[in-house]
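In what follows, a single structure is set out as structure tokens and then discussed.
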Amino acid sequence: MTKVLVLYYSSYGHIETMAEEMARGAREAEAEVAIKRVPEIVPDHVAQRAGYKVDQRADTAAVAELPDYDAIILGTPTRFGNMAAQMKNFLDQCGGLWFENKLVGKVGSVFTSTGSQHGGQESTILSVHSVLLHLGMVVVGLPYTFKGQMRMDEVTGCSPYGASTLADDGSGGDRRPSANELAGARFQGRHVAEIARALAAGRLTEAA
Ligand SMILES: Cc1cc2nc3c(=O)[nH]c(=O)nc-3n(C[C@H](O)[C@H](O)[C@H](O)COP(=O)(O)O)c2cc1C
């Protein structure tokens, strides 16, 4: 069975919600799916003061378990157009896996969340893609066969780079992932699982 890890960081729950939908899509493709978080690195009192959602169900992932999966789907909110430090901190502990080529040929895919519509969704996803490429992973996005990313009748996230959502409603209020954005996440999860299954069937030789 194809094994997929949805690995995310979320301060306020938007990426957490998208992660659950991503996992649902991968399960629809009959993959065995785990949803895990990267560790928080902000001190408790700072997280509380900033109103972080601290009651997230997912277990914390360990770097050492990453080679156990055929595909890893990473979710991170933007921080100034870049991935969150919590995700970068986790990925920066993958030097040993890089040295031993443990993630070469595995599928990697990314989703994100920004506060505003043009707040850096694509640059954030690309910041993670760079790391995945250095690790030798096969980067998969959200193809245009997910038609929802073409919508012009409503404000929506999602692009060929990956599923995404917008966290603010424009007046400082909270906007939750829309039905269209959740459908994009589900589509990407299914797509990644199907590609991982096809790749695993082909198997890379040691030299590849
Ligand atoms: C330090 C910091 C920097 C941020 N930078 C941006 C930004 O560049 N563009 C943007 O649209 N939103 C920005 N945001 C808003 C977050 O991306 C938003 O809170 C997040 O997408 C919500 O996802 P979450 O609920 O999963 O944490 C920033 C938030 C913080 C705390």
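A Cβ is built for glycine as well, from the same backbone N, Cα and C atoms used for every other residue.
If you look up TrEMBL, you'll see Ser10, Ser11, Tyr12, Gly13, His14, Ile15, Thr78, Arg79, Phe80, His134 marked as FMN binding site. Here TrEMBL flags Tyr12 as NAD(+) binding site. Per TrEMBL, the feature substrate binding site maps to Trp98. Taken from TrEMBL, the feature domain 'Flavodoxin-like' applies to 4-166.
Structural mapping of features recorded in TrEMBL.
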| residue | record | contacts (Cβ under 8 Å, 6+ apart) |
| --- | --- | --- |
| Ser10 | FMN binding site | Glu16, Ala19, Arg37, Lys53, Gln56, Gly75, Pro77, Ser113 |
| Tyr12 | FMN binding site | Gly51, Tyr52, Lys53, Pro77, Ala167, Asp174 |
| His14 | FMN binding site | Pro77, Ser113, Thr165, Ala167, Arg176, Pro177 |
| Thr78 | FMN binding site | Ala84, Thr112, Ser113, Thr114, Gly115, Gly119, Gly120, Gln121, Ser123, Thr124 |
| Phe80 | FMN binding site | Gly120 |
| Trp98 | substrate binding site | His134, Leu135 |
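If you compare every pair of Cα atoms in Ser10, Ser11, Tyr12, Gly13, His14, Ile15, Thr78, Arg79, Phe80, His134, the residues listed for FMN, the longest distance is 29 angstrom. Mean model confidence of the domain 'Flavodoxin-like' (4-166) amounts to 97 (pLDDT, 0 to 100 scale). In the three-state DSSP classification, Thr78 (FMN binding site) falls within a strand.
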